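Participant: The structure is given below, and queries will be raised subsequently.
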Amino acid sequence: MHYYRYSNVEVSCWYKYLLFSYNIVFWLAGVAFLAAGLWAWSEKGVLSDLTKVTGLHGLDPVVLVLVVGVVMFTLGFAGCVGALRENICLLKFFCGTIMLIFLLELAVAVLAFLFQDWVRDRVKEFFENNIKSYRDDIDLQNLIDSLQRINHCCGAQGPDDWDFNIYFNCSSESKSREKCGVPFSCCIPDPAQKVVNTQCGYDIRKKSKSQWDDQIFVKGCIVALEAWLPRNIYIVAGVFIAISLLQIFGIFLARTLISDIEAVKAGNAF
């Protein structure tokens, strides 16, 4: 008499297709980021002359969009194919990368809390470098204008930081019409004006500082951000927790699917 043993172990379709659905969102988001970044670069002529990327000394926001897009596209692709094809290598790559990103986020948050003065100095240096390149890139310009307008601030520490930019510098060598001024986003908006006055900051720093209060924001953006964070700490914490839970959920799905696949392969080996 012969006895046959049949393995009841099988890969869970539930985890398999749930992980696939999880990653298809990642993949589509990555495609959207990449498309937006490449479109922005094509509008600025970067795709026809890649040296423009290295020519900017500040931050090109499009680069950040493209990096996020590449990471999300790669992870989404690895997770989707790994789940459908039950490929352990791709699943381990997806799981390991998500875990690494999660640990890096956690480390950055802890270090930023422990070394606040060092972070403040780096943020100040970063902001000043981007002020220097304000007129060199339209996306960077829009980013700084939005930051100043939303937070009612001007410069890193104050309006005089715009001396770092050659167009707004107060030196006698400057031939710019914007000399000794500030960008329009530093101006206190007039509710009666429906059209933005882009020349409202011209020559403002030639006047005495006592006259600034009525025309421009005198608070630096670093101070404004430091004041914003305590007021919105629950929102920031909520966003961080939500992102962390999504990452942990993805790691859980990937690890569970890997365990199922390994169990099936081990069962079939007998």
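Glycine is treated like the rest: Cβ placed from N, Cα and C.
Below are the features listed in TrEMBL for this protein:
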DISULFID  CYS153-CYS186  disulfide bond
DISULFID  CYS154-CYS170  disulfide bond
TRANSMEM  20-42  transmembrane segment
TRANSMEM  62-84  transmembrane segment
TRANSMEM  91-115  transmembrane segment
TRANSMEM  233-254  transmembrane segment
Participant: Just to verify: the residue among CYS153, CYS154, CYS170, CYS186 with the fewest other Cβ atoms within 10 Å, which of the disulfide-bonded residues is it?
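Facilitator: Output over disulfide-bonded residues CYS153, CYS154, CYS170, CYS186: least Cβ neighbours within 10 Å is CYS170.
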Participant: Take the transmembrane segment (233-254) and find every residue of the same chain, 6 or more past its ends, with a Cβ under 8 Å from one of its Cβ atoms.
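Facilitator: Result: 15, 18-19, 22-23, 79, 82, 91-92, 94-95, 98-99, 101-102, 105-106, 109.
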Participant: Which residues of the same chain, at least 6 past either end of the transmembrane segment (20-42), have a Cβ under 8 Å from a Cβ in it?
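Facilitator: For the transmembrane segment (20-42), the nonlocal Cβ contacts are 62-63, 65-66, 68-80, 83-84, 94, 139, 249-250, 253.
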Participant: Which whole-number value in Å describes the distance between the Cα atoms of CYS153 (disulfide bond) and CYS170 (disulfide bond)?
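Facilitator: Cα of CYS153 (disulfide bond) to Cα of CYS170 (disulfide bond) measures 20 Å after rounding.
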Participant: List the Cα distance (Å, whole number) between CYS186 (disulfide bond) and CYS154 (disulfide bond).
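Facilitator: Cα-Cα, rounded: 5 Å.
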